[in-house]
Amino acid sequence: MSDILRELLCVSEKAANIARACRQQEALFQLLIEEKKEGEKNKKFAVDFKTLADVLVQEVIKQNMENKFPGLEKNIFGEESNEFTNDLGEKITLRLCSTEEETAELLSKVLNGNKVASEALARVVHQDVAFTDPTLDSTEISVPQDILGIWVDPIDSTYQYIKGSADIKSNQGIFPCGLQCVTILIGVYDIQTGVPLMGVINQPFVSRDPNTLRWKGQCYWGLSYMGTNMHSLQLTISRRNGSETHTGNTGSEAAFSPSFSAVISTSEKETIKAALSRVCGDRIFGAAGAGYKSLCVVQGLVDIYIFSEDTTFKWDSCAAHAILRAMGGGIVDLKECLERNPETWLDLPQLVYHVENEGAAGVDRWANKGGLIAYRSRKRLETFLSLLVQNLAPAETQT
């Protein structure tokens, strides 16, 4: 299993290289946008885009994993269709070819003969990437490959990626928008139970060199299987113990701290915002991208990511869920949490990743229908939910 996670880290970095390469030249980037087909549209946005970068990333992940772990590709699922139509009306199925030259030739058909762009992209796609992590390298965990499913969101927050804002200032470490909100999400789950087992979040655009204007990224991972829980922030957290007052601490003092912080979508319902303001005061942060908001919880920048709409999907949440699970947290169904009686001590309604929504079509089959809450500490979540329910009640009575 750790071999699979190591390979996922490598392919996520290769994916990040593709995402960065596609942003280097604005003129090139304009060629890489194609509007999504009707069945793939996310209803949250009036305009939704499919980029060639999205599809390239997805196919690189799929085919690299298949090459290393034969038979795994059939259980790798993603948001994007790999079919393009060029200006001549030709339908082209994009895939990673065995050689750089063949990939460049196929890309050239998608890009209407733009040879320079095609060759540049093919070069990045076929470039070898090495990724090492001492914590992971020292671990060997075995799990049957045939029980694994993988959700991929090749470029989450596509709108921010296309817009490309590079000079956004953070608010207490949280970026409201901009390239920092772009993430590559790879989540591994048990196809029999739907439980998330491994997660990789790659943030391609973390800091930019002022001289070269080139971006550097950061990668986060987590593994939770059969009692083994590991994640990439373990060293950071152990260094903080006893001296850090960060909201993300999972120590006993943090569990009973009365103050909460939350990251939300700018499109969140007013009733939720009003209740949150009574629970969190001014410690509510708006940010773009479901993957990035979940990452803010992983990083300990906030206690909670809450979203009440049904416009996030399994590929948006699986990676972060696995990492948070390795940290002692998780991602739960908001609607079920609000309807749950805490006195019965039922298990929290964790999201699962193997079952379609009944009666739904298109991407809605895999929507997180009840909304979600991502958290790092169960004790803090329970306290937060109790306060949220108390503060939602008056608003619901009035409507």
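For all residues, glycine too, the Cβ spot is worked out from N, Cα and C.
TrEMBL: automatically predicted annotations, no manual curation.
These features come from TrEMBL:
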BINDING   Glu79, Asp153, Ile155, Asp156, Asp316  Mg(2+) binding site
Spatial neighbours, same chain, of Asp153 (Mg(2+) binding site) - Cβ under 8 Å, 6+ residues apart: Gly78, Glu79, Thr183, Ile184, Leu185, Gly291, Phe313, Trp315, Asp316, Ala319
Which listed residue (Glu79, Asp156, Asp316) has most other Cβ within 10 Å, given these are binding-site residues: Asp316
Beyond the site residues Glu79, Asp153, Ile155, Asp156, Asp316: chain residues whose C-beta lies within 8 Å of the centroid, for Mg(2+): Val152, Pro154, Ser157, Thr158, Thr183, Ile184, Leu185, Ala290, Gly291, Phe313, Trp315
Cβ packing number for Ile155 (Mg(2+) binding site), 10 Å threshold: 30
